Each structure stands twice: as C-alpha cells, then as structure tokens.
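Got a structure here, written out as structure tokens. Questions coming.
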Amino acid sequence: MNRPYNFSAGPAAMPQEVLTEAAAEMLDWHGSGMSVMEMSHRGREFVSIYEQAHLDLRELLAVPDSFKILFMQGGGLAENAIVPLNLSARVSPAGAAGSADFVVTGGWSLKSQQEARKYCTVNIAASNESDGHTTLPGPASWQLSHGASYVHICSNETIHGVEYHTLPDLQALGSEAALVVDCSSHVASRPIDWSRVGLAFAGAQKNLGPAGLTLVVVREDLLGHALAVCPSAFNYKTVADNQSMFNTPPTYAIYIAGLVFQWLKRQGGIAAMEARNQAKAALLYDAIDNSQLYYNKVAPNCRSRMNVPFFLRDESLNDAFLAGAREHGLLQLKGHKSVGGMRASIYNAMPMEGVQALVNYLHEFQKRRS
C-alpha cells in the first residue's frame, strides 16, 4: 500500500512499521488474549511493556542514572504549569514560589511564560519577538536574574521554525538555575547533552508516538520541591516514586511509543537519525532558497530541522498549491494560523522519499506557474 506523505506538525506521521505491528497486535498482544488498551496498568503484561519502553528510551537518549524518566499526561501545554508547580520553590525559603527566567523565541515559549506567571515570578531573559521570531538570541545576550529557580527554553519552536542546535551552558553563563527544555518537536531527532539539562519534557505526538503521552526527564535533585498546591498526580517526586503509575498512565500511548523506540533502535539510534534529519532538512531548504516562488524567513543558522515554514511570494496561489499537493499525496502542508503560508514537518518518521516527493512538487508547481 502506497500511503500519502503526512507533513502534519502534530499529531504527526508514524513509522509505517509501527502502525503495521500495532495493527497485527490489536486484538491479541503476544498471546495474552487481550488488546493492550484492555490491560490493567498493574498487570504483568503491561508492566513488561512499560519496563521495556523505559529501558529502550533511556538507552536511546543516553539518559544518565541521575535522571528519572516519567511517563505523564497533559502534553507540553500542561507542563508549562507543572514545571513551575514543581520547580519554582526550589531555591525559595519555606517552600514559597520563587522566580524563573524565560527565553521567548516563538509561540510555545510565549505560552510557557504566560502560564508560569500564575505560579511564580517570571523574568524575560531574552526575546526575538521584535524580529518576528526569525532569529535566536544567543545565550551570551540573555539577561539572567539572580536566584532564579530555573531557565526555560523551547529548543525547537514548532510554529516559527527556529531551533537551538546547541543547548546553552548555564554554568558558563554564571547561573546556578536549572535548565528546563521544552523539546517536544525535536526530541529523539538529535543527541541531548544531559550535563547541561535539569529537566526536559516533550509531548509524544510529534516524534515519539501518539497524543496522550508526555515524556519528562528530570534530574533527581530537582525532585521534592513542589508547591503545596501542586496536585499529587503532577508532583514529579510522587510520579517518580510510583514508577509513573500513581494514577492510571496512558497505557496504549506508552505501548505505541515503545514500538517507536524499538523502530528507532533498528534505524541505528539517535546519531543515525540526526544525520538523516540533517540531510532531509538540507534538501528541502535548498529547494526553497533556490526557487523564485518560495521563501523562508528564518535566519539560516537557526533554522529548524523538524519544522520548515515557507511562503509563496504570490499568496493568491496558496489554495491551488495545497490542492495540488493533496493530489500528489502530500498532506497537511498548511501553515499555522498565526503565521500563515506553508509548513512541512519532517520528523523522524518522514522518509527521505517523502521530502524528495515534496521537493519534486515544489519544482513542478513553480514551473507550471512561471
């Protein structure tokens, strides 16, 4: 079966091997007589699925033993509240809410600081809003505050298509705050330098699996500082102490994510995926930059390898472009409503053949309209 190529920003395309495997196991997982979605989360069958997914993810992302891996719910948007509920009091007296620094580089980090203001004092350490979120403020320019509990960045902005290709070293900047990284839209697309990270979180629905699962990787010394008002199910220490089963976890989403982890291992792991992703992004950006019809607004040194926004110089052609793309089996290319234009999300599951098909269509559409 030749499926269309899905460029959705999330929920996003899944590896076809994973979908085929899940379909085969839908009614009877490994002779258990049950679908995974019917299993008790405390039964031995699902516990084995959870434990394998946990082990595979730690191996794939090279997560040190000093970090806890949590499988939670609520997505990245919920983590914008859960993080300050857990970390803002870390360096404050008597468990009072403290402060946090935010680097605002696009729509998602903007939402993050807006949500955090409900629970702690927020300092905007840097922002690229004045240039339309098309560049990234270098860490040396950040105005970090003294005594902040953490510094929050979105390392890849899904909407605006900017990416920090290297995580900042807060210690080198003279800050003792923990670095919090929203890596929802490029987790598992490249290695992570955990020596620079205090906490990383990611909604699974872009690069790890289906919607419903949220990954949190948190350094152990950051546990146990939650505000008194933090709900028990969102208290990282409570979740960690109960192996992510304090409340019923998103069992089927964990199962599918586990299949994705195994697929990633078969592809050669994260380093292999990074090389593949760099090649895909280079192919697409080259086609856009060397065209007469399309353009990308983001500075080349901070372009996202996962989310590629682009625009037609003649916007009256937008509808025709999208209709033609669908006819060519290229789906979900419409840009975010706040930005307009087009966007191609080329996550791990997008094969090089899919990007090449898009590039071929870009050339064909331009030729017909010239």
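Cβ atoms are placed via backbone N, Cα and C, with glycine included.
Per Swiss-Prot, the features are:
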{"type": "BINDING", "residues": "Arg42", "note": "L-glutamate binding site"}
{"type": "BINDING", "residues": "Trp108, Thr158, Asp182, Gln205, Asn247, Thr248", "note": "pyridoxal 5'-phosphate binding site"}
{"type": "MOD_RES", "residues": "Lys206", "note": "N6-(pyridoxal phosphate)lysine"}
Between the binding-site residues Thr158, Gln205, Asn247, Thr248, where is the Cβ count within 10 Å the lowest?
Thr248
Let me make sure I understand the structure: which of the recorded positions listed (Arg42, Lys206) has the fewest other Cβ atoms within 10 A of its Cβ?
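Candidates: the recorded positions Arg42, Lys206. Fewest Cβ atoms within 10 Å: Arg42.
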Let me know the most crowded of the binding-site residues, choosing from Trp108, Asp182 and counting other Cβ atoms within 10 Å.
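The most densely surrounded of these binding-site residues is Asp182.
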What is the separation, in Å, between the Cα atoms of Trp108 (pyridoxal 5'-phosphate binding site) and Lys206 (N6-(pyridoxal phosphate)lysine)?
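Cα-Cα distance, Trp108 (pyridoxal 5'-phosphate binding site) to Lys206 (N6-(pyridoxal phosphate)lysine): 14 Å.
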About how far apart, in whole Å, are the alpha carbons (Cα) of Lys206 (N6-(pyridoxal phosphate)lysine) and Thr158 (pyridoxal 5'-phosphate binding site)?
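Distance between the two Cα atoms comes out at 10 Å.
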Measuring Cα to Cα, tell me the gap between Thr158 (pyridoxal 5'-phosphate binding site) and Arg42 (L-glutamate binding site) in whole angstrom.
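One finds 35 Å between the Cα atoms of these residues.
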Run through Asp182, Gln205, Thr248 for me and report the binding-site residues whose CA is within 10 Å of the CA of the residue listed as 'L-glutamate binding site', in sequence order.
Thr248
Compute all pairwise C-alpha distances among Trp108, Thr158, Asp182, Gln205, Asn247, Thr248, the residues listed as binding pyridoxal 5'-phosphate, and give the largest one in whole angstrom.
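This binding site's residues have a maximal Cα-Cα distance of 30 Å.
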